[in-house]
Amino acid sequence: MAYQARGRDPLFDSNMQAAIEKRGKELIGVLLVILGCAAAAMIASYTPDDPSWLSATDAPVQNWLGRLGASIAAPLFMIVGWGSWGLALVLVTWGVRFALHRGDERVSARVIFAPIWIALAAVYAAGQNIGPDWTHSFGLGGLFGDMMMGTLLNILPVGATFGLKLVQLLLGVGLLALGAFVLGFTMPELRSIGRFLIVGIVMTYATILTLLGRGAGASVRAAQATQTRLAERRARSKAEAAEAAEWAYAQTSVPAPEFDPEDSTEKSSFLARMPALIKRPLDQMPEPELIETESHADVGDGPSDDRIKAKIADVIKARVRKNPAMQVKSAAPLTKGRGRGPDPLIITPRTGLPPEPPLTSGMPRLPVEPPLTSAAAGVAATPEPSASPDTPTPPQTGRIITPRPRADIPAAAPEPQPLPQEDADLDEAEMLDDHYHFEPPMQTQPLPIPDAKKVVQQPVRKPMQPSRRAKQEAQPSLKFEDNPDGYELPPLNLLMSPDKIQRHVLADEALEENARMLESVLDDYGVKGEIVSVRPGPVVTMYELEPAAGLKASRVIGLADDIARSMSALSARVSTVPGRSVIGIELPNENREMVSFREILSTRDYGDGNHKLPLALGKDIGGDPVVANLAKMPHLLIAGTTGSGKSVAINTMILSLLYKLTPDECRLIMIDPKMLELSVYDGIPHLLSPVVTDPKKAVVALKWTVGEMEERYRKMSKMGVRNIDGYNGRVAEALSKGEMFERTVQTGFDDETGEPIFETEEIEPKKMPYIVVIVDEMADLMMVAGKEIEACIQRLAQMARASGIHLIMATQRPSVDVITGTIKANFPTRISFQVTSKIDSRTILGEMGAEQLLGMGDMLYMAGGAKITRCHGPFCSDEEVEEIVNHLKAYGPPSYIGGVVEGPDDEKADNIDAVLGLNTGGNTDGEDALYDTAVAIVVRDRKCSTSYIQRKLAIGYNKAARLVEQMEDQGIVSAANHVGKREILVPEQG
C-alpha cells in the first residue's frame, strides 16, 4: 500500500521474491541439517569424564565438538538422558524437509510439540534396563525421565512390573503418533511408507519361496536322471554277467578282506584296514548314483552326508544281490581252499533288504543304535529294482521297507552276522575320517538339577562364654573371711536373668521369600543385583546385595524410604559393608528381641577383657556382644531424640563402670541439668561431688576438671612418665617397697661461690583414679554459658586422655550450635540414636542413616576410624538401677572433694581462666599499653567513639568497644547520650 500510495514500484517482482524465499528456506534447511549432525556427533561422543559445567576435571576433552560440546551434552544427558537423540533427529528431519520444500506447514505447532516429544522419549527411556556401561546415578531417561516414570508407577493402581509394561506400551504408541506429527509426516507419506513396508515383506517372502522351489525342482530332475542312468547300467551289467559269469563275479562282487588274527592285533580300526579295502578293481565298478524318489519332497529335511554315503553303499550291494551269477557261485564253501581275496556274498531273494556280512568276520560288533527318525528311514530306503533286464526302470515312489526278521533267513545258507544300517553308516564314517575313534554310546543319565543357592545364613546361637566372675556367682563358695577392703562389686543377680527373655528365630523359608521379594522390589526401581546372603539378628536382618557391574552404591542408598514402603517395614537402612563388595540392606524383624544387660556383663569380653574403662554397648546385628573401651576412645559424644533410648544407654554405661571398677579406680562427676536422669546415683561412693544440676555450677565443675588435669600433668612430669598407667605403676612399686618419691630440684645459686643449690623433694606416692565426666544434656549448658563450656570441653578433649580424665556427653538436639565444629573435631567416637532428620544424622555422624533407626536402644556406633557399626543397646529398668545404687550406698557415704562445685580460690581460678583463654578480669601488659594510648588520644582530640578509636589504633571493633567501656567505667568519658555521643570528663591538658 505504501508503494502504491507513493506511486513507486516494489524493489523485487513476485518471481524474484518467490525465488529469494525458496533459496532462504533451502539455506535454513542446510543449516538445520548441519546443526543436527553436530548435535548427533556431540551426543554420540559424550562421556561423563569430560570437563563441563557440572564437573571440573583435568582430563582431556573427548567430545568431538570440544569443550563446548561437552558443556552442552552434560546437562542435556542429565535432564533427558537418551531422549537427547530426539533433538538431533528433529533438527536433521526439519532441515531435510526445508531443503526439499516438503512439510513446512504448521511449523509453529511442531515447534511447540517437539519438546513434549523429547520429554516422552526421556520417560520411555527411563523404563529401559541399564547396561553395564551406564555409570550415571540416574537412568537412561535422565532425572526428568526417572521422576516422571516413578510418578506414573505410583499413580497406577496396579503392580510395579505390570504397570511398567503398560506405561511402556502407551508411551511407545504415543511416541510413534506424536513423532510422526513433529517430524512433519503427512498422511500420504505415511500411507506410502506403509505400502512400501508391506510390499517389501511380501517380496522378501516370495523370493525365499522361489529359491526354495528352484532347489526342490533341481533335486527332482537330478533324481530322475540318476534313476534313468542307473537302470541302463543295471541292464548292461546283467547282460555281461549272463555271457561270462566268472568275469562278472570278479567285477560286481563287493570285496571283503579275510580276517587275519595278526592284522587284528596291529590294525584294530577300520582306518588301518583301508589298504585291504582299496585293492579291489574299482575301475570296473559301476559308478554309484544316489537314488532320489518322489517322496523326498514330502519327507521334510533332506538326508545328511553320512546318510547319502550309506545309501550309495546300499545301491551297490542291491545291484550285486540281483546278479544271477552270484547265486550260482554261492553254493561253494565260504572259506574252504581260499586265500586272501574277496569273499562271495550269499544272496537270498526277498522283498526286504537282506542282512549284510561284515567286512571282517572276526572284528568286534558295534552296538546297534536306534534309528534317528522315521523320515530318515524313509529317505534311506532303496526301491526294489525291476526284474526285466531290457526295460529301463521308471522312477519309483519311495516307501519305507521293513527288513524281514532273522528267523525268515534259510538255515541252509550259513552267512555272517549282518550289520544294520546304522553300523554301515559308522563304517563309512570311519573310512572318511582318519581321526575317528568310536566310543560305545553311554547310557543317558538325567542331568542333576542344581539346588537353588541358599542365601540364608542362620547364625548358630552359641551360648556366650561366661566370665570367671559369672562362673563364681553361678556356683557361690563359702566365705571364711570378710573382704579386707570393705568394698564388693555389685552382684550380677541384681539384674534380670537373660533366661526370661523370649528368643525369636526366623524360619529360613520366610527369609528366602523376603530375599526374593526384595530382589523384585529393587528390580522395579531399576537396581540390578542379587541377594547373596541373609544375616538375621535379634532386632534387624541384613540382606547383602551383590550389585550389578557399574551400579553406584549411592543410588541404592537413596532408595531406603522406597524399599521400606515396598517391603511394608517401619524403616530400612542401606549402607555399604566395610571390606566387602556388597551393599547391606537392614530391615527390622517382625518380633524384636530384647537385649539383656546381664548377658553382656557375663561375657568374657567384659569380665575377662583388658579394658580399663569397659562400656557394654549392646549387641551387633548378628547378636554378638559389643564392649568398648572408654580409655581408648578417649571421649564419647552421644545424640538422640527423646524416646530413642539415649538415657537408658547412659545408665547402662554408668553401670558398666560400676560393675567393673571400685571407687579407688574410677571416680565420677555427673552433670544433669534436667535434674531427673542422673539424680538417682546421688550418694554412691564413686562420686567426686554431688550430682550437678545447676548449669552455672556445671561450668565450675568443668573448670575444676581442667585444673585437675593440669595438676596431674605436673605430677606426671615430675615422675617422668607419659600417662596415668605409668604413674600408677610407679606408685604401686613404691608402696610395695614402702618408699617415698624423691626428686632433686635446683633452688638457686650460692652467693659466695655462684654454684647451683640443689634440694631433695619428697612426694607421697598416691594412686590417681580415672575420672569420668558425664553430661546428660549439653544443649542446656551451651545456652547458659556456651563460650566457657566450649572452652572447657575443647581443653579437656584435647589433653585429658593421658591424665585419665574422660568425657561422656549427650544431647537430644544435635544441631550445629550445640555440637560445634570444635567439639566434633575433638570427639572422634560418637554414638547416634534415632534422630528426626538427615541433617541431624550428618551433624553427629557425618552421613545419613540415623534417621532410619528403630528407636528404643537402636544405635549407630562410630569408632575413631570412622567405621560405623549398628548396635542394639541393652535394657536396664529403673528398679534394677535403684537396687544397684542401694547396694553401693551400703558401703558408706562418698568422699567428696571440695572445690568441684564451690570452685577453686581466686588465684587458681585466674590461672584456669588464663589456660582456657577466658581471662577478663584484667588487662595484660600489651592491653594496658593500648589502653593508655587510647586515653591519650581521647584527651587530646576531645572525641570518643568506638569507630574513632578503631580507626586511630587500627584495631578490631570488639577491642575498641571494650576500651571505650573501660574508660567509661573509670570515669574518663560519660555514657552515650540519645544520639550516641560521649562527653570527655577529663579536663583538657594545658
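Positions of Cβ are set from backbone N, Cα and C atoms, glycine also.
Bear in mind that TrEMBL entries carry predicted annotations, made automatically and left uncurated.
In TrEMBL this protein carries:
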- GLY640, THR641, THR642, GLY643, SER644, GLY645, LYS646, SER647: ATP binding site (BINDING)
- 399-412: compositional bias 'Low complexity' (COMPBIAS)
- 623-842: domain 'FtsK' (DOMAIN)
- 324-343: region 'Disordered' (REGION)
- 348-422: region 'Disordered' (REGION)
- 460-484: region 'Disordered' (REGION)
- 27-48: transmembrane segment (TRANSMEM)
- 68-95: transmembrane segment (TRANSMEM)
- 107-126: transmembrane segment (TRANSMEM)
- 166-187: transmembrane segment (TRANSMEM)
- 193-212: transmembrane segment (TRANSMEM)
Neighbourhood of THR641 (ATP binding site), C-beta criterion under 8 angstroms, separation at least six: GLN812, PHE833, GLN834, VAL835, THR836
Beyond the flanks of the transmembrane segment (68-95) by at least 6 residues, Cβ under 8 Å: 28-43, 45-46, 48, 50-55, 61-62, 110, 114, 117-126, 136, 138-145, 182-184
Cβ contacts under 8 Å made by the transmembrane segment (166-187) with residues that lie 6+ beyond its boundaries: 89-90, 93-94, 97, 102-104, 109-110, 113-114, 116-117, 120-121, 123-124, 127, 149, 152-153, 156, 158, 193
For SER647 (ATP binding site), the number of other Cβ atoms found within 10 Å of its own Cβ: 21
Whole-number mean of pLDDT values that fall within the domain 'FtsK' (623-842): 88
Secondary-structure category, per DSSP, in which GLY640 (ATP binding site) falls: coil
DSSP-derived structure type at LYS646 (ATP binding site), helix or strand or else coil: helix
Close in space, distant in sequence - SER644 (ATP binding site), Cβ under 8 Å, 6 or more apart: PHE833, GLN834, VAL835, LEU853, GLY855, MET856, ASP858
Intrachain C-beta neighbours of GLY640 (ATP binding site), sequence separation six or more, cut-off 8 angstroms: LYS646, ALA810, GLN812, SER832, PHE833, GLN834, VAL835, MET859
Those residues of the chain, 6+ apart, with a Cβ under 8 Å from that of THR642 (ATP binding site): GLN812
Cβ neighbour count within 10 Å of GLY643 (ATP binding site): 12
Residues within 8 Å of the GLY640, THR641, THR642, GLY643, SER644, GLY645, LYS646, SER647 Cβ centre (excluding the ATP site residues themselves): GLN812, PHE833, GLN834, GLY855
Neighbour count (Cβ, 10 Å) for LYS646 (ATP binding site): 26
Cβ neighbours within the same chain of GLY645 (ATP binding site) - under 8 Å, at least six residues apart: PHE833, GLN834, GLY855, MET856, GLY857, ASP858, MET859, GLY873
